[in-house]
Amino acid sequence: MRHLLSLLVLLIASAALVSAVPAGSIITPQPPVEPVHLLSSQPSDPRRPWIRLRDWIIESIWGIEKPASRRFPLNDSPRNRSPPSRILARYGSDVVLRFSLRNHDEAEALAQAADILFLDVWASTPAFVDIRLAEEVIPSLLGLLPNSLQTAYTPLIDNLAERIYTTYPSKKPIGLEGQSGFASSSRPAPKFGDLFFHEYQPLSVIIPWMRLLASMFPSHVRMISVGVSYEGREIPALRLSAGSSTAASGPRKTIIVTGGSHAREWIGTSTVNHVMYTLITKYGKSKAVTRLLQDFDWIMIPTINPDGYVYTWETDRLWRKNRQRTSLRFCPGIDLDRAWGFEWDGGRTRANPCSENYAGDEPFEGMEAQQLAQWALNETQNNNADIVSFLDLHSYSQTILYPFSYSCSSIPPTLESLEELGLGLAKAIRYATHEIYDVTSACEGIVTASAADNNPGRFFPIGGNSGGSALDWFYHQVHATYSYQIKLRDRGSYGFLLPSEHIIPTGKEIYNVVLKLGSFLIGGDSFDVDWESELFDLSKDESDLDSRYSKSNDRSPAYLHNANGPLPNIDEDEDKEWVMVEEEDYTDDDDDDDDDDEEEEEEEEDTYWATEHTYEFRRRR
């Protein structure tokens, strides 16, 4: 009854909200918005209209009084200051709770309560469910649960605003030193790769960086687009290949690696970047990597959801879906991992576009999913490609999932091979960092209503998967025999807000996955390569991705190039080295003047450094 009343109030209130949304017939990409401007503004209520409506429903129906503003201690932040007002206003009372489940009835009760209250389910397994909600909603949630669940929870994140703030890049880069136009002679210059992966990077930095890699390594790297987003942004990718594809040689075996389907899962985007950078820079030096690029085309797509990814940097760090308009214009967005055409089951969420799992009103309504599918089909039908593997990186829970996602009653015909390779991938990850990744079918953990066939309007995806997934589509439609969805770090301590120091270790884990996958596919023809010795090995403490960047050089660089400008022509035969620095204004004053530094820091507002700085790439002779 409460659920029906909630929906009734929602429909009545939606009319007023819809009329308040400006109409527009043409969708054009918006110019980049500096987060510092957003954070420094003082909106009367920065919550999205849907969130305001949801909170009003809860307060009205369950009689919850609006709590006083939550107070954050200034010393809690690693930056020694509280989050900016915009973050506090949006997330100030939000927490993440983990509920422990003991049986199906408890899972079903929690599913129903989360559905009624429109809660954001972060992750779920047959043993636990992580839910994000406002503190003031906790009494309402507990009131809808059986007694056994009312004490079966623990707080995972009790200061969500603070945790969100720490995921954005710090104001100052790490390890940058020296004067403008010169590399330091006292120690090696900062390593290009390490510097880039010290922080999460916005799309405005990632795309110029990809262009630079394509220009630096034209022999085996080419920048391509696999489609256009709903707001008109290109979906960028790098094609890594050192082989040739002709009709005489037969179809070119192709492996696709994607990230960022869900916008808030930044670690997926950063991991794709790290893996492709490692493959690019190790080509010609590593026998294993050289063999991989000779035998396969690698399509590396950092994010298939550029609109959503940009939105997480500019407005809402925890945005999940794309930014496509829906039937409820104040609830935009389609879940791109439920929008694919194979066994699409979007009827379950069709009535609620505000759901984080909303799959659209029909298969492939999600623009970016449609674009990637069309590109993949065109590759196989017209460009002599044979897509043999698909790796889809998500977060979180440290799990390797194989098809099928839509149903456990359907057994994939290559199940034995999928399980064998999946266990091998998990072993390769342990080799890199000693982290444990579980291996299971993507369907396991799906919890539906006990009479799902008679009540198709509701479901609770414990494992985060269902019909319409990219995993199932690539496996079934284009016959990518070895298709996996890999949920990256961690197991819940940080959730979607994984600290940036995990970027490089996670990248090493998936690099090992790529090596293991390649060696498995090449099989008996790879005796000339010692694959195991090429893996990242924690016991060896490999701190360098490429030893060439550890050489010191006391000569001033003769070439400067701004990453956001046009790329130069580079002679691939020249043996040059590159380092990355930040463009800054330097003076002859002592840079170590502590008094000046302290005074400057007091005057500065909190900013997101990565969206304000400009990278330069310096060529060393």
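From the backbone N, Cα and C atoms, a Cβ is placed for every residue, glycine too.
Among the features that Swiss-Prot reports, domain 'Peptidase M14' is placed at 199-521, with the record citing sequence analysis.
For the recorded site, His262 (substrate binding site), the DSSP three-state label reads coil. The substrate binding site annotation in Swiss-Prot covers His262, Ala263, Arg264, Glu265, Arg320, Asp337, Arg338, Ser395, Tyr396.
Residues or ranges marked as Zn(2+) binding site in Swiss-Prot: His262, Glu265, His394. Its own atom aside, the Cβ of His394 (Zn(2+) binding site) has 23 Cβ atoms within 10 angstroms in the protein chains shown.
The feature disulfide bond is assigned by Swiss-Prot to Cys331-Cys354, with similarity to another entry given as support. Cys331 (disulfide bond) has a Cβ environment of 22 other Cβ atoms inside 10 Å.
The annotation region 'Disordered' is assigned in Swiss-Prot to 544-621.
As annotated by Swiss-Prot, compositional bias 'Basic and acidic residues' applies to 544-554.
Swiss-Prot lists 570-607 with the feature compositional bias 'Acidic residues'.
Sequence-distant contacts (6 or more apart, same chain, Cβ under 8 Å) of Glu265 (Zn(2+) binding site) comprise Gly259, Leu393, His394, Ser395, Tyr396, Leu488, Phe496. A C-beta separation below 8 Å, combined with a sequence spacing of at least six in one chain, links Arg264 (substrate binding site) to Thr312, Arg317, Leu318, Trp319, Arg320, Phe496. Cα-Cα distance from Cys354 (disulfide bond) to His262 (substrate binding site): 15 Å (rounded to the nearest whole number).
Look at the Cβ of each of the binding-site residues His262, Arg320, Arg338 and count the other Cβ atoms within 10 Å; the largest number goes with Arg338.
According to its DSSP assignment, Arg320 (substrate binding site) is coil. For the recorded site, Arg338 (substrate binding site), the DSSP three-state label reads coil.
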